[in-house]
Amino acid sequence: MTALLLGKWKGIDITSSGSGNPGARNAWLVLGRRASLLVFLGDFLKGSLVVWAGLWGGFSLLSVAVAGLLSVVGHIYPVWRKGRGGKGISTFAGVTFWLTPDLFLAMLVLSFAFYPWLKSATLSMLAGFSAFFAVAFAFQVQSVVWPLFVAIIIIVIRHKANIKVSMETRFPSNKA
């Protein structure tokens, strides 16, 4: 929604420009760096607000995690846009930053660590998600993160085309 509002303000339909995705990465390409940062922050806050409201309301961590999952699903498949939303990374970051900061940090560090080697935000994100899983099981925080695992699976499915292109570009097969 943030990208749509910023695009409208600048007189650009972001869903008809660049990749057509109303997210931070496409905002960077179409609207510029500042707009991309604002889109990221807006979507990050969307996930953050869900967690803050749940924690402030005294709900269990598992209930808050389920609400976080639903905020990611709602971001990716908004009813008001007939299921054509963003890809969920920024909203997921907002949820995990507040709900599981240690897992968020592991995910972030590994994503950035792999980027110079992979030169792909999509593939680096997969490495970060792997860290999320590994740290969650190492610290035995599975009950709270199961809804977040579901969110990761949905995000990966939403990125399927990006993953395929990134893999083919960086690791071409030598089939003759």
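Glycine is no exception: its Cβ is also placed from the backbone N, Cα and C atoms.
Predicted automatically and left uncurated, TrEMBL annotations should be read as such.
It should be emphasised that the depicted structure is a prediction, and the values quoted were computed from it without experimental measurement.
Noted in TrEMBL for the protein shown:
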TRANSMEM  61-80  transmembrane segment
TRANSMEM  92-117  transmembrane segment
TRANSMEM  129-157  transmembrane segment
Tertiary contacts of the transmembrane segment (92-117) (same chain, 6+ residues out, Cβ under 8 Å): 43-52, 55, 61, 64-65, 68-69, 71-72, 123-125, 127-132, 134-136, 139, 141, 144-145, 148, 151-152, 155
Residues from the same chain, set at least six apart from the ends of the transmembrane segment (61-80), whose C-beta lies under 8 A from its own: 1, 43, 46-47, 50-51, 53-55, 86-88, 91-92, 95-96, 99, 143-148, 150-151, 154-155, 158
